[in-house]
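Engineer: First, the structure itself, so that you have it in front of you.
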Amino acid sequence: MIRITFLAKQKVEEYSSRVTGFDILQPDISKEAIALRVNGELYDLSREIESDTEIDVIQLNDEEGLDIIRHDAAHIMAQAVKELFPNAQVTIGPTIQDGFYYDFAIDHTFTTDDLAAIEKKMKEIIKSNHRFIREVWARKQAINFFSSIGEKYKVDIISSIPESEDLTVYRQGDFVDLCRGPHSPSTSRVKAFKLMKVAGAYWRGNVKGPMLQRIYGTAWRNKDELNIYLKRLEEAKKRDHRRIAKDMDLFHIQEEAVGQVFWHEQGYTLYNVLESYIRKKLINNGYAEVKTPILVSKELWEKSGHWDKFRENMFIVDESESKKLAIKPMNCPCHVQIFNSYTRSYRNLPIRMAEFGMCHRNESSGSLHGLMRVRGFTQDDAHIFCMEEQVNSETVKFCALLKEVYSELGFNEISVKFSDRPNVRAGDNEVWDRAEKALLEAVKEAGLSYELNPGEGAFYGPKLEFILKDAIGRSWQCGTLQVDFILPERLGAFYIGADGQKYHPVMLHRAILGTFERFIGILIEHYAGKFPLWLAPTQLVILTVTNEADNYATEISNVLKEQGVRVKTDLTNEKVSYKIRLHSSNKVPILWIVGKNEVASKTVSVRNLGSEKQESSSCEKAVKLLLKKVLI
């Protein structure tokens, strides 16, 4: 007898033998169902349930349901490619945010015409309504099969799978692929998709491995969702931070310093405004700002454990045969050194240590993307050294600070991913229980919605990831808070407790922006370059109609500069219409236009970005109003 608990209905049913999802779901539900969650594991509807279990039904409206449909689409694309290009070898085809891809080994170079042909073939396969059939194979059977059809990459994948793990394949029509699953019942469940582009990719991400061709696609629940997504992509192209940065003269990146940013005056002004804003928030919230070296001995990275884990992504400097130095990829071990510089008491805790730390990571050139992925970056990094019983209160304070910062920067939709204990971890279960409880209570107290990310915490502690949504609905993971029981112990950090004994502090790794570079890229695209007045690199340009107004414009400018306004004057002999177009294209929020009449009447003509309307105002009134607006 098998007892099945339907979690959504809180109902228990008993069955005399093994059953599948199709057996236990009502026909009207099974039509909409994509898969089952069986004791936390995703199952195909056709897969047998062998023992007592708890189940949830996964439907298309669920994120997991959509992810499965995208996985289906990847397999359908692979089948289409094999039918059109029989010599192509299929390698891997996972789902990604908003879509999927599949990598192919083939001598032929895919073209846009090929993508159209593949799409057409995919529609035929979808219309054929092939069932996705799961089969468990012996290792030898799988190796023999894929070897016989010339799929050497599949054989390579099989060789890397532990022998204790079952090998599963999925069959759809005549196409068979190695896959863990799950899949929906049939190909006809894929209702709306589009192939997007072709790119190069190395096998297993190794630059020394074979070069493959990656076809990207997107799939959605219906055509309306697909069209919304495609329109969003068009809007994203218009907002591309690299294009806007060129128009606004913010920064550039060049081959002689790949992955590193050349900040121009306007861009660096924006950078400094953001840094000053964050610094003020940190001071008001009890953080002490520190500065640590960029170049640090290998010995420290070995003690911290980063040498083994991050060495491939570190820039190494050989000072001598006996001594290696590394440009720091993160700040945390250095902050522990400051903590260790003298003996701390429990009365000193918590200690909130912040740094705008310049870090470098040797990212592959193919992964670099404008400001969004760079090799040299500055983190708004901070570490809180505290006692275990302070984890909750410090997390509550951090969540409040993060919400405040995001809101003032224009992001009001925030969600949280909570990653709990992985299978391999340090520390005992009681400590993890307390840490996880402290984080969850803090998130709830902050009024933030959260999603469980089971088993994805670091080995040294659970973590929170804060995700914001931008103006066109895209999600960006920026903020983090990570509990660390291990690093303080590894690096010998301790404080003296109330009982006079030594204790290791808990270390909270936290960031709000993540990196300045990436966050500025997000801000540029969120606002499409039209920053709020307080954040804009240049807040005001005073432009003259005639040379006779030059002195007047300069006098006003000097007064405003003394008040901290980021103001410029345009005293060139160009036509005023040209000046307006120029500074409007540079996204300057406010223009003041002055000519003979304005000089005589001590007024200015005010024009706001995005408006063709000009309003006359006394200079004194305009200055007072501006000074109110430029402050956040």
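The chain as shown is numbered from 1 upward.
Using the three backbone atoms N, Cα and C, a Cβ is placed for every residue, glycine included.
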Engineer: For the Zn(2+) site that Swiss-Prot lists with H383, H509, give the additional residue from the candidates C332, C334, C619.
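Structural biologist: For Zn(2+), Swiss-Prot names H383, H509; of C332, C334, C619, the listed one is C332.
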Engineer: Beyond the listed site residues C332, H383, H509, identify every same-chain residue whose Cβ lies within 8 Å of the center of their Cβ atoms for the Zn(2+) site.
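Structural biologist: Not counting the recorded site residues, we get M330, N331, H335, D381, A382, Q482, D484, L487, M507, L508, R510.
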Engineer: Could you please provide the mean pLDDT value for the domain 'TGS' (1-59)?
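Structural biologist: Residues in the domain 'TGS' (1-59) carry a mean pLDDT of 84 in this prediction.
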Engineer: Suppose we draw a 10 Å sphere around the Cβ of C332 (Zn(2+) binding site). How many other Cβ atoms does it contain, all chains included?
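Structural biologist: I count 22 other Cβ atoms within 10 Å of it.
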Engineer: Hey, which of the binding-site residues H383, H509 is the loneliest by Cβ count within 10 Å?
Structural biologist: H509
